[in-house]
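Features as listed in TrEMBL:
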type: TRANSMEM; residues: 23-43; note: transmembrane segment
type: COILED; residues: 95-122; note: coiled coil
type: DOMAIN; residues: 443-478; note: domain 'LNR'
type: DOMAIN; residues: 702-812; note: domain 'DMAP1-binding'
type: REGION; residues: 747-773; note: region 'Disordered'
type: COMPBIAS; residues: 754-772; note: compositional bias 'Basic and acidic residues'
type: DOMAIN; residues: 950-985; note: domain 'EF-hand'
Amino acid sequence: MLIFNSVLKLLQRQTYTCLSHRYGLYLCFGGLVLMIVSAFQFGEVVVEWSRDQYHVLFDSYRDNVAGKSFQTRLCLPMPIDVVYTWVNGTDTDLLKDLRAVRQQLEEEQRALRERLGKNASEITEAPKGRPECLLSHCIMGPVLVLDPALPANITLKELPTLSAAFSTAKQLLQVAKPLHPSTSVSVLLFHSHSEAEKAHTDALKDTLTHSISRGYLTTDKEAPGLVRMQTLAYLSGFPASLKETEQLRVKLPAVVTSKIKQLQLYSEASIALLHLNTVHDFTELTQQAKKNLTLEGKELTVSPAYLFWDLSAISQSKQDEDVSASRFEDNEELRYSLRSIEKHAPWVRHIFIVTNSQIPSWLNLDNPRISVVTHQDIFQNHSHLPSFSSPAIETHIHRIPGLSQKFIYLNDDVMFGKDVWPDDFYSHSKGQKVYLTWPVPNCAEGCPGSWIKDGYCDKACNNSACDWDGGDCQGTAGSSRFGGVGGAVIGGGQPWQFGAGLGGLGGLSFCNQGCANSWLADKFCDQACNVIACGFDVGDCGQDNFNQLHRVVLRRNQTLYTLPQGELRPYFSFSGLANRVSEAQVADNPALRHTSVANKWKTIHLLLLPGHNGTQIHYNITFQGADNHDFTMTFSVAVDTRELPKSNISNPVQEKEEEPRPNIVTPEPVVEFENVPKEKQGPRVREKAHGGVEIVQVPALNESLLPEEVKLELQKLNEKLSLGDITIKGFNLTKAVLLGPYKDKAKLSLNNKNPEKQDQNKRAKHLNEDQKSPLISHHQVKLRLFGKEKPHASKLLDTLMGNMSKERDSENEVHLRGRPVGRKLQYYTSSLDRGFLPWEKRKFFQDLLEEEERLQSELQYAADGTATGRRLQDTFADSLRYVNRLLNAQFGFTSRKVPAHMPHMIDRLVMQELQDTFPQEFDKTSSHRVRHSEDMQFAFSYFYFLMSAVQQLNISEVFEEIDTDHSGVLSDREIRTLATRIHELPLSLQDLTSLEQMLINCSKTLPSNLTQLHTVSPTQEAYYDPSMPPVTKGLVIHCNPITERIHKAFKDQNKYKFEIMGEEEIAFKMIRTNVSHVVGQLDDIRKNPRKFICLNDNIDHSHKDASTVKAVLRDFYESMFPLPSQFELPREYRNRFLHMTELQEW
């Protein structure tokens, strides 16, 4: 107390002393003000600190890279992370490891060749696709190159003595090799591209000692290995509207036409090849072009033409290039992809970058929102490291420590172009959004996925790669798609009613090339089906083009609608009749290809098969009216799909009807096929022998001596001719086939006493072979017979046509081996997704993978003589087929498509369940050091597992759903609800009493510990029937009659919800080395921004234009995302360590 009083007195004394000082009052006032301001400042800091701590701990809406709350957008606070996979392709340590892996693969293959008894240095030749030429104005010219050169004394006239294939050559030149001037080659010039192609094909059949190559022409004089062609020149600059050679020739100035022998137009390259009269004409033309050489106001340019023939030496697909840093150069796509996240997806919580222990030099490692994860952190089996396979790395990314349950997986070449939200990937109402693109590559040539396990044995699918058509070709389960005779067996018609004459097609498999019938009305707009021939995907692609289809308005009291003859794709509108269709049935009809209902547009669509006589298709439709009451309509549609005969007489002008319908003819869009000659862009037509007129010789036989079955066939044939169903030519063709064997039989009867018996034995033998064989011709196409058995074909015709089918099969195989390129079914090309690693994009290991595939096939053949090797297509395509087979075995056969190359939202739990379903397959994928044909493709396997997994029915959950009051006992009202679920409506008294009787019987036979009846209070539930026991969950679960009906009524449902999306918000661009093409691609993205952008680097970094393309690409990135993100270091700073091991050691 004394001390306290002393302190107070001291303080009082000092205060008086200060106040008595000259400036004491001012000092006291200043101190008081400073103390008040400090108090306010301290309070504000405390409040801000507490608020930030509150948001960090409790406000999950701000837990993202932007630190902002998106609660106003109704964005759920679910944490979502982003995972990148990235590699620095210029890292010297990485390039060293790549060389080591390549050498290891070569050693393994050398040992495998020694096992096969081959020379250890021998490399099997593999068929290779035509490389891509990236030189300026590169075309395949009408030129052949012979190496080594022909003797100098051989003239143009003497060429046919060397080979008849060279008879059409117009000029012979001796040219020194540019890289080896001491040796030379012979160059043959032809009048046209087709002549050069034919000469090349024919010359390869001759046994010449010279190698024969096609010659290529270009204006790019800087490329290696070029030879200047003195008598050839390029002409460019003319209007693009000139598509025909004669059009251009007529409009060319006289100064040009007077100096050329011939002109060849390459419209797809916008150039023309000039064959000059003399070597001096080029100089005169170039001088004239400098002065004034125009066409329709456009200035023409004349350029020299350079010849080369070794395309692989300068092409994009050259595979023997050494490992170099420039080949795997990084364009810093990751930097701009991170900027796109900060700009368009700031709701992301955290970003993980999975690398091969590498660190981007510009990455800010101090940022708490980003982390670098090494392969050692996620690979469970470290013996699988180091890994250079993108599927192997992707197999483990869901094991990143601290990763959110749902995360978004991106490659570094993928970025966002518009604002993106979590519901662009997943919504709680519809589930996962799946973006699909192209169909999975066919398991075999000519076998689309929709043909597998469809009840028809298809020859193209009858192989191990397609699981023997999914079982359709094993035993007797499968049946021939078209019957045993030539064409399709249509409805109840006879099997010899050929759709297009002998050897023709009996039907059409697809309404358009690349559009499988199963794609129609699948609620997905398929571009291959979005054509008039398919009714514009029968409503899946909207109603903008419905005006090009034949429209029929349904009326309440009309029961018959007649379509014009030849109409194949009508649709019926019920917009003025009802709101929607609740149920629809249609009778089987051989003319019916497809029919479906589009309630969205209030239309019923009908696609018909051509070539059918008049028939009626019967519909039974249940509509829902405006008052929500259902009513049923039954009507018929009279169709005749035979084509109308074309008349040469002009029709008189008709008077205008009340509602005239214009005859709209929509031409198909013209598709330009680059580098494919026009004469090879169409089907191959079988030429008639000797160029003469085809004459059908009908054997002159006594028809009264023929067997009864042949007489019956001839009688029906005459009836068809009299009715006009077949032509005279068709009559004679069919009759000649019928009588042909008996003509030979008549000849043999002179030398054989019992020819009939032997002929029957032969026919029976052929018949048995045809019945046993499940194979059909590739030329035959798919046609289903709905709900009807095929009529039994006559044994005689089976015998005749079986032999013809075998001949067509052999012809077809020859045709497939030499088929022209250009026209293919639309399918996913593997070049669109080669993985995120640069050596996968450049196919650095492709030659070794192909060699290993061939050696393994040979080894399998050596161990098992019945094993047959298959042609390797592509590692990525083969892995898709591999996964597709696994999914077929697990979930059933169906057509599948490849997910788009874009960001994918992945659920860790679903991914783990997928890997638990296929543990060995994923472990094998993880063990592959480089990409393999038996890899589990990440996105493809994940999304189709998610869409295919089925949730088994749980009786307990059904009980809880019906027990609406959650009492544990079903009341009378709830029992009626159960009855409505397991019986058809309307309910009858017998349905209710039978259900109650089942429950009563089960309560008497089941023990009380199962039914749990003893646990229920007697007064808990009172029933109308006093003998009715309390219907507990145990009673329902263990009552077999009830559970069987529940299983029958409640189908197994998908375990996960999903929604199929279109490609409208996806921009995928393959960036090559053509500068103008790249500029056009990037400008398209600028003009039409999409949410998901992928710029796949396929640049040839050794090309002279590579630096220009990279500069254009960098300029595009800077224009889209100019502002640095929080994840980048300032431009003047770089990371000290570029490897995690170095950073950890430091």
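Including glycine, each Cβ sits where the backbone N, Cα and C put it.
Secondary structure by DSSP for the domain 'LNR' (443-478): 13 helix, 4 strand, 19 coil. Long-range contacts of the domain 'EF-hand' (950-985) within its own chain (CB-CB distance under 8 A, at least 6 residues past either end) are made by residues 891, 991-992, 995-996, 1016, 1020-1021, 1023-1024, 1030-1033, 1036-1037, 1042-1043, 1045-1055. The average pLDDT computed over the coiled coil (95-122) stands at 71. When DSSP labels each residue, the domain 'EF-hand' (950-985) comes out as 19 helix, 4 strand, 13 coil, counted as helix, strand and coil in that order.
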